[in-house]
Amino acid sequence: QGIGRPSVYHAVVVIFLEFFAWGLLTTPMLTVLHETFPHHTFLMNGLIQGVKGFLSFLSAPLIGALSDAWGRKSFLLLTVFFTCVPIPLMRISPWWYFAMISVSGIFSVTFSVIFAYVADVTQEHERTTAYGLVSATFAASLVTSPAIGAYLSASYGDSLVVLVATLVAVVDICFILIAVPESLPEKIRPASWGSSISWEQADPFASLKKVRKDPTVLPICITVLLSYLPEAGQYSSFFLYLRQIIGFGSASIAAFIAVVGILSIIAQTLFLSILMRSIGNKNTVLLGLGFQIFQLAWYGFGSQPWMMWAAGAVAAMSSITFPAISALVSRNAEADQQGVVQGIITGVRGLCNGLGPALYGFIFFLFHVELNELLPDNTSEKKTKQNSTVIPGPPFLVGACIVLLAFLVALFIPENSKASSTKKHSNNISSSLSNNLDQSNEEDIEPLLQDSSV
């Protein structure tokens, strides 16, 4: 089943097609969102994305545990299908479209299954590069698709854009069905589909409870929580903010996404490796958080389009934060705990995907930043009206303050505590081996059984 041996490239194609389809809808979604919710648009957008993110956080551990037992391919198919189901509903029924977006959060955890797929087909020393390739592919899919969607929307209307996005989603589903081979070896899967999944595996809060027991992972998780919360909120509302508050047109938004995406890919590939070698892992995290504070503050006080472009360049440099944190986590964890610790970080990010959009939507509502009318592209009337306030973007300024707290917490992250933990781990292994040897002297154990226990 599938074409060839399971590889990282199968995962890369699945991610690219899924997010390419959604990227095409960037411009039509802004229009449909405002037409459906003409009052409290930012608040409703935050609630929709918040419900979706929180449901994803609740369901991710269960789907991950089930994929560990039953294989990756079926759950890749399930997550991609339900993530893309709302796309054709945009033109059929906008209310059902937004309702399905919220409910689809239960299965919108493709990244969790993709990372598990990549872990199945790579060695430990290859994993960081493979994860970077998947993340760069995600960014690359969003570099081109919004521009293509904006062009098709302006030339042929939103209906064609929705049709093309639906066809791309169908191609992705067919690719999984036909071309993607199963990555999980048959021998490590249970004998039957009736194998039980414990509640501890499915409990989304179980990983968060484990954080308190590890003084190294705790500050890292707090840093991720405080830094990704504003990022998730910004991603959910920023394009709508550029269109209606700053006065960007559809073409300008598409160009903005493309430029920032390209700069982010360069930052995560070229600059990240240089910084990791020159200033170290922890200092790279601190530098990325510093860029993020500067970027959010600039978004908060910026009132002109050129300010958004300049802040976007800074935002590209701030994208080095999470890869650097993932590498820091990997260095501070034992070889047999890599998956658990990375899962904890992913769980924290999933929680932020639910809380961030809701937080930003509520702050926009609190400061009375509303859209009373949908203005055409390149219109500056609303921009002038909104920019008369001292702080055009209050949520971004609040986000900058939250990231400042993340920066202060990150100062307490140890650079590398693995050496001491390795010594402790080796002592535990030595003591356990000596106990096993004592038991083997007392009992008459057959050589075959002894070998299997080792």
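Note: Cβ is positioned from N, Cα and C throughout, glycine not excepted.
Remember, it's a predicted structure, so these values are computed and weren't measured experimentally.
What TrEMBL lists as compositional bias 'Low complexity' is 427-439.
Look at TrEMBL and you will find 7-418 tagged as domain 'Major facilitator superfamily (MFS) profile'.
Taken from TrEMBL, the feature region 'Disordered' covers 419-454.
Positions annotated as transmembrane segment by TrEMBL: 7-26 (among others).
Among the features that TrEMBL reports, transmembrane segment is placed at 46-67 (among others). Sequence-distant contacts of the transmembrane segment (46-67), counting only residues of its own chain at least 6 positions beyond either end whose CB sits under 8 Å from a CB of the stretch, comprise 74-75, 78-79, 98, 101-109, 112-113, 116, 184, 197, 201-204, 206-207, 232-233, 236-237, 343, 346-347, 350-362, 364.
Tertiary neighbourhood of the transmembrane segment (74-90): same-chain residues 14, 18, 21-22, 25, 28-29, 32, 63, 66-67, 96-98, 100-101, 104, 106-110, 113-114, 117, 158, 162, 165-166, 169, 172-173, 176-177, 180, selected by CB-CB distance under 8 Å and a gap of 6+ residues from either end. Annotation source TrEMBL lists transmembrane segment at 74-90 (among others).
When Cβ-Cβ distances below 8 Å are used as the criterion, the transmembrane segment (96-118) is approached by residues 6, 8, 10-11, 14-15, 18, 32-33, 36, 48-49, 51-56, 58-60, 63-64, 67-68, 72, 75-76, 78-83, 85-86, 89-90, 127, 130-131, 134, 183, 342, 346, 350 of the same chain, each at least six residues removed from its ends. Sequence annotations record features per position, and here TrEMBL assigns transmembrane segment to 96-118 (among others).
The transmembrane segment annotation in TrEMBL covers 130-154 (among others).
Sequence-distant contacts of the transmembrane segment (160-180), counting only residues of its own chain at least 6 positions beyond either end whose CB sits under 8 Å from a CB of the stretch, comprise 2-3, 6, 10, 13-14, 17-18, 20-22, 24-25, 27-28, 73, 76-77, 80-81, 84, 87-88, 90-91, 149, 152-153. Feature annotation from TrEMBL assigns transmembrane segment to 160-180 (among others).
Annotation comment: TrEMBL describes 216-233 (among others) as transmembrane segment. If you look at the transmembrane segment (216-233), the same-chain residues 6 or more away from its ends with a CB under 8 A from one of its CBs are 46, 53, 208, 210, 285, 289, 292, 296, 321-322, 325, 328-329, 332-333, 341, 344-345, 348-349, 351-353, 355-361, 395-396, 398-400, 402-403, 405-406, 409-410, 412-414, 417.
For 245-272 (among others), the entry in TrEMBL reads transmembrane segment.
Look at TrEMBL and you will find 284-301 (among others) tagged as transmembrane segment. Sequence-distant contacts of the transmembrane segment (284-301), counting only residues of its own chain at least 6 positions beyond either end whose CB sits under 8 Å from a CB of the stretch, comprise 223, 227, 230-231, 234, 238, 272, 275-276, 307-308, 310-312, 314-315, 317-322, 324-325, 328, 391-400, 403-404, 406-407, 410-411, 413.
Positions annotated as transmembrane segment by TrEMBL: 307-329 (among others).
Residues or ranges marked as transmembrane segment by TrEMBL: 350-369 (among others).
Beyond its flanks by at least six residues, the transmembrane segment (389-413) meets 216, 219-220, 222-223, 225-227, 229-231, 233-234, 237, 241, 245-246, 282, 285-286, 289-290, 292-293, 296-297, 299-303, 328, 359-360, 363-364, 366-367, 369 of its own chain at Cβ-Cβ distances under 8 Å. Annotation source TrEMBL lists transmembrane segment at 389-413 (among others).
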Item to check | Selection from 7-26, 130-154, 307-329, 350-369, the stretch that has most Cβ pairs under 8 A to the transmembrane segment (245-272) | outcome: 130-154
Item to check | Whole-number mean of pLDDT values that fall within the domain 'Major facilitator superfamily (MFS) profile' (7-418) | outcome: 79
